[in-house]
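Trainee: Before I ask anything, here is the structure I am working with.
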Amino acid sequence: MTVDKYLYQKISFFLINFMLVIGFTGVFLSLSGVSIFIEWFLGGSSMNFSLIFLFDSISCFFLSVVLCISANVVWYSKSYMATDPNANRFILLVVGFITSMAILIISPNILSILLGWDGLGLISYGLVIYYPSSKSSSAGMITVLSNRVGDVCILLSIGWFMSVGDFNFSIWALLSNTDFSIWVSFLVMLAAMTKSAQIPFSAWLPAAMAAPTPVSALVHSSTLVTAGVYLLIRFSFILGESCSAFLMFISIMTMFMSGVVAIFEYDFKKIIALSTLSQLGMMMFAISLGLFEVAFFHLLTHALFKALLFLCAGILIHGVGNTQDIRSFGSLSLNFPLVTVCMNLANLSLCGVPFLAGFYSKDLIVELACQYSWGIFILLMMFVCLSLTVLYSVRLTYLSFVSAYGGGSLVSVCETDYSLLAPVVILSFTSLMSGPVLSWLSFSCPTLIFLPTFLKWGALFFVVSSVVIMVSLQRLVYFYMWGTVKKFSGLMWFLPWLTGQWLTLNTLKNADQFLKIYDQGWLEFYSSKGISMGANSMSLFSLKFQHNSLKIHFLVFLVWLFMCLIYIL
Amino acid sequence: MWLSPSLLLMIISIVTSICLVISSPSLFISWIGLELNTLAFLPLLLSKKSKLASEASIKYFLTQTLASVLILVGGLWFLAPWGGLATLTLLLGLSIKLGAAPFHSWVLSIAEASGWVPLFALLTIQKINPLLMLWMFCHLSMPFFYVVVLSSLIMGGLAGLTQTSVRSILTFSSINHVGWLMTALSFSLSVGAYYFLIYLTTLLCSILIFHMFNVSHINQLPLLSFKPSNQMLLFFALLSLGGLPPFLGFLPKWMILQLTVSYSLLLVGGVMISMSLVVLFFYLRLMFSAFMMGGVNLTTLSSDPLPFPVYFVALFSITGGGLSMIYFL
């Protein structure tokens, strides 16, 4: 039971207004090429400390996209969380999350980035453990600890910035002779990798689907995971050759892994999470090629249609009785026509079908990568990942909308709730228009692509052939073969186990030894207990002369006297 | 009791002995002052009228006489051309009189047997004469001086760790303070006098509170009055004695540490600091048992053991009457 009957609507309305203001500011700033710094200068003579907010075209666009998505998500969660008793906690966490993200976006100063970054990590933990079950609790733990590794990296780089002189990295972007060592770029890249769930740290993203669906739509599709990409875009001046090469390798592997795992996955939200992961890999790939503005553009469009995808998923999950297993979906297009349309829109734009949003951003990345490419293996892997994306998207669509219905019988498959549908429709319109609009706003002139014919047709060929392959696989051939591959991919290439149980088991064994033998054993003996025992024994020794015998006292005096006399003489 | 004619005569004799020692031109007159001091103090020890007290007074008399013999012999050796030997024997005798380590063993049994007022006099007033003579004759350049100072500091600290009687704790703390006092005197008379006066004040407050509550053992401390003001008073008095800032007892220690460091006597400074930690530990251990139990509940104000003037003494001895303002200068 909420405090105010119209609380969600009020929050959503406020966010929409804020988004419009920021959106128009962003358009104005991008057209005039101006950046606004708002600075609060604290401190007097000896200590100078300033809090700076940067309103750039990049930050204004990102902030307006985040606000648009969050406004829709808050409106959606009005009816999604209506039956939940802890809805107050939910809305507080969501508002806190949006605030942290806003702080992260508008700060050019690594200290306030840390504020937003840490806030994001903590609040996403609070949101993942929202439902009281052990699965949520372990998912939350792996989320917050993976994010914590990134926090540590940012803290270390703060120390580095302190030695260089200024926390505001927007200044360093303008200078040409920065003496940043390779460690700072490595640390920042590592922080971005943990937040955006690249290969060593990708265990948390599918696990975090234990959160409620609006949370997944807001947090895990568009804002939290894109914070890492945004950090790398802001720190574009710092990425050198070797870091870019490392990042390229990692992002290609992430794309490939998430694509393969998504084909064999049966949890609806996990498939969408893995598709987020593969798109994040695509963004990191673009960054490693040096295409920062294109990566940013893909970030924005992806945020919009991924949030749309999650919201539609929420409606479908509600519809088939709160189960997330895709085997109980099927033939839902008959009962959810509007949701089918929007979800298809989102999926097709994810695949990169021409003239939808994904085409403008993802296809641009692919074509520019063909131009900039680093080797044939990279190109091949990129096309393979493209086709993998199409494969799992088509599988998703087929299994939820086309195939035979596999769920229970006492369900309410209908779409009459307007406060669930309206955000979906709004987001679908926005994501439809966002592709061309953002590309006209971000790029002042179209990019020149100069490619041989087979590379130009390559993307489209891979997309179409993947559609054909998957449809035929679903209809004609049964997926019983490749048992080992299924197991391997089903456990997500054993990454969660590797970073979770195996690591903690070995570490805890060692930690037990350290605690019992060293800390509570020998260290106590040598440092605290030992010193007190030594002091006590010295004191007891000195008390041996305190016996109540005057003769002994005088003997001691005379012995000292004789010793001194002998010394002198 | 202390204004009865016999004890008044003894008190006046002690004051006379101090005047003798201060104003004497030669060592032998000072020796007379020391002897007068010893003899006049004995009835104060015997004021308690028990067998233990008479035993303590005999021990005191014998020890102090031995020390005076050594002082006299040392003084005589000045006339013969044995200068180094003379100062050594003189220092030895004075250390025995002071109760400085390694000649401290006699102080404990006497302290245990005497009442609170004689204990206070033993620990402070009886030290004035030997300290004055120390300032006159012995100097920092003697190696034996260092031996006495360092062993006083260390013995006072470490030997007090296993003590449970309040009197022995105060004894060992005074042995520690003798180390500080001797270093202070070796710099100049005014520094030593300053330290001595503040030591007297802080010790006065602590002993006054112990006397009022009639506490002799660490077992009796949990039975202190339930009023937090009384417990706090004792706590702060002990902390001031131990030399914790912002109390009064920190100021002379700070001064001496600064002098020690500026004269590059770093070993002495280091030992001073570490041993004051140990001393502070056993004060805190005293008060720990007092705070843990909470004490006896006193319901009527009239049976409060602390009369009102104690608070005035405490005010001056703990805060120095606002002397802590010196920190802000």
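Every residue gets a Cβ built from N, Cα and C, even glycine.
When I checked TrEMBL for this same protein, it listed these features:
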type	residues	note
DOMAIN	A:44-90	domain 'NADH-Ubiquinone oxidoreductase (complex I) chain 5 N-terminal'
TRANSMEM	A:50-75	transmembrane segment
TRANSMEM	A:87-107	transmembrane segment
DOMAIN	A:107-383	domain 'NADH:quinone oxidoreductase/Mrp antiporter transmembrane'
TRANSMEM	A:113-131	transmembrane segment
TRANSMEM	A:152-174	transmembrane segment
TRANSMEM	A:180-205	transmembrane segment
TRANSMEM	A:217-239	transmembrane segment
TRANSMEM	A:245-264	transmembrane segment
TRANSMEM	A:271-289	transmembrane segment
TRANSMEM	A:295-317	transmembrane segment
TRANSMEM	A:338-360	transmembrane segment
TRANSMEM	A:372-394	transmembrane segment
DOMAIN	A:392-567	domain 'NADH dehydrogenase subunit 5 C-terminal'
TRANSMEM	A:454-476	transmembrane segment
Trainee: Do the transmembrane segment (A:87-107) and the transmembrane segment (A:217-239) come together with 3 or more C-beta pairs under 8 Å, pairs six or more apart in sequence?
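Mentor: The answer is yes, given that the two segments have at least 3 Cβ pairs within the 8 Å cut-off.
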Trainee: Using Cβ atoms only, state whether the transmembrane segment (A:295-317) and the transmembrane segment (A:454-476) have three or more pairs under 8 Å that are 6 or more apart in sequence.
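Mentor: By the criterion, they do not touch.
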Trainee: Write out how many residues of the domain 'NADH-Ubiquinone oxidoreductase (complex I) chain 5 N-terminal' (A:44-90) are helix, how many strand and how many coil, based on DSSP.
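Mentor: Secondary-structure breakdown of the domain 'NADH-Ubiquinone oxidoreductase (complex I) chain 5 N-terminal' (A:44-90): 28 helix, 7 strand, 12 coil.
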Trainee: Tell me, please, if the transmembrane segment (A:245-264) and the transmembrane segment (A:372-394) are in contact, taking contact as 3+ Cβ pairs under 8 Å between residues separated by 6 or more positions?
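Mentor: Yes, the stretches contact each other.
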Trainee: In this predicted model, what is the average pLDDT of the domain 'NADH-Ubiquinone oxidoreductase (complex I) chain 5 N-terminal' (A:44-90)?
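Mentor: Average per-residue pLDDT within the domain 'NADH-Ubiquinone oxidoreductase (complex I) chain 5 N-terminal' (A:44-90): 88.
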Trainee: May I ask for the residues of the chain that lie six or more residues beyond the transmembrane segment (A:338-360) and have a Cβ under 8 Å from a Cβ within it?
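Mentor: For the transmembrane segment (A:338-360), the far contacts come to 275, 279, 297, 301-302, 304-306, 308-309, 312-313, 315-316, 332, 366, 386, 389-390, 393-394, 396-397, 400-401, 415, 421, 424-425, 427-428, 431-432, 434-436, 438-439, 459-460, 463.
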